[in-house]
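To keep things clear, I will list the structure first and then write my remarks on it.
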Amino acid sequence: MEATAASTSLPDPGDFDRNVPRICGVCGDRATGFHFNAMTCEGCKGFFRRSMKRKALFTCPFNGDCRITKDNRRHCQACRLKRCVDIGMMKEFILTDEEVQRKREMILKRKEEEALKDSLRPKLSEEQQRIIAILLDAHHKTYDPTYADFGQFRPPVRGDEEEGTLPSRSSSAHAPSFSGSSSSSCSDQYTSSPDTMEPASFSHLDLSEEDSDDPSVTLDLSQLSMLPHLADLVSYSIQKVIGFAKMIPGFRDLTAEDQIVLLKSSAIEVIMLRSNQSFTMDDMSWTCGSRDYKYQVSDVAKAGHSLELIEPLIKFQVGLKKLNLHEEEHVLLMAICIVSPDRPGVQDPTLIEAIQDRLSNTLQTYIRCRHPPPGSHLLYAKMIQKLADLRSLNEEHSKQYRCLSFQPECSMKLTPLVLEVFGNEIS
């Protein structure tokens, strides 16, 4: 038989249970693997190789049927060698000296190639690792996965309508599950938090004077039972987004005016991004703790939004969920979303772009270094596409929010912070 390129012959991994201790078929010692076509220990492996290379001829001093054990295996070489052959060890599997040398050279070459690949593989710089650590800390400080604060909002009222009822397209009901509204008391309660920005910080910007140019749009106020609760939820979420943004490396280097523009224009997008953490594809809902805070599509409709927003929102949530982002990728995407130089009204797009480029480069390097295939395939491009999807959602949200806020009965339920952020969007 032709000599093989390896000193061992490995059977199919399924041929033995890895959890069962391996025993040498020759002496009963602990086996280290399949050697020369049989399961043996290192000692019997070496004995068989030496015996075959020397073409040794052994004679048993007894009756030729000695029992070989770990303790007496050196006493009778003849019976030990016979036992090796009996369990299937084959001399054809032994490498020649030349083959051994070639194998060593191949192993060395492979190690050198791996070392070269490793040296060329992108690595996160210390600065990039610092950025990721800061963003993770910022996210953990501004996102409570227990949703303990939800009990402080005005209670959810779902009415008599069945939970599965969906709004129609261009329905008069538009729902701010992500639109933004909260009672003044709720807003005041959270503005004292150190990781939030007071609504007054937006007050120097002029309020929009736009009027609804669609007289056919009316709101059935009786169908907006979830508006107060979801209003408080969004107002709370806006403040948490502000807290997160203030910790983005470089964000505080921007002028106060640019910080405000970026926050106002990205707030709803980041809320949608963050809500993916509680979104479940099993029933297309957002689960935030107890059953009272499990939000269905119908709840979004009962706060004022139509399918023109709800359908693409659900599609966005499902698509984002399927990307299986690491938490590091998620926080970087949120930061990139906030620090966007193409937002209307920014004064220093060059500085904003420099900050965003640093975040984008960190994200791309992280994906190459830490996100294994196949999930990493085109992942960065898919994430950037999600930002484009958010822009479309933001635009539709703005349209529906304006229709909602023009109704005095509805605007009374909105907090000052929500009115400032969503009522004065830069178009």
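Cβ atoms here come from the backbone N, Cα and C positions, even for glycine.
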Choose the correct range: of 20-28, 236-244, 308-316, 416-424, which one does Swiss-Prot annotate as motif '9aaTAD'? Give that range.
416-424
Which of these ranges is annotated zinc finger in Swiss-Prot: 60-79, 200-219, 280-299, 360-379?
60-79
Binding-site residues considered: C44, C66; fewest surrounding Cβ atoms within 10 Å belongs to C66
Secondary structure of C60 (Zn(2+) 2 binding site) (DSSP, helix/strand/coil):
coil
Going by C-alpha positions, which of the binding-site residues (C44, Y143, H305) is nearest C76 (Zn(2+) 2 binding site)?
C44
Using a 10 Å cut-off on CB atoms, tell me which of the binding-site residues C41, C60, C76 is the least crowded.
C60
DSSP-derived helix, strand and coil totals, residue by residue, for the region 'Interaction with coactivator LXXLL motif' (246-264)
13 helix, 0 strand, 6 coil
Under a three-state DSSP reduction, the secondary structure at S237 (calcitriol binding site) is helix
For C24 (Zn(2+) 1 binding site), which of the three DSSP-derived states applies: helix, strand, or coil?
coil
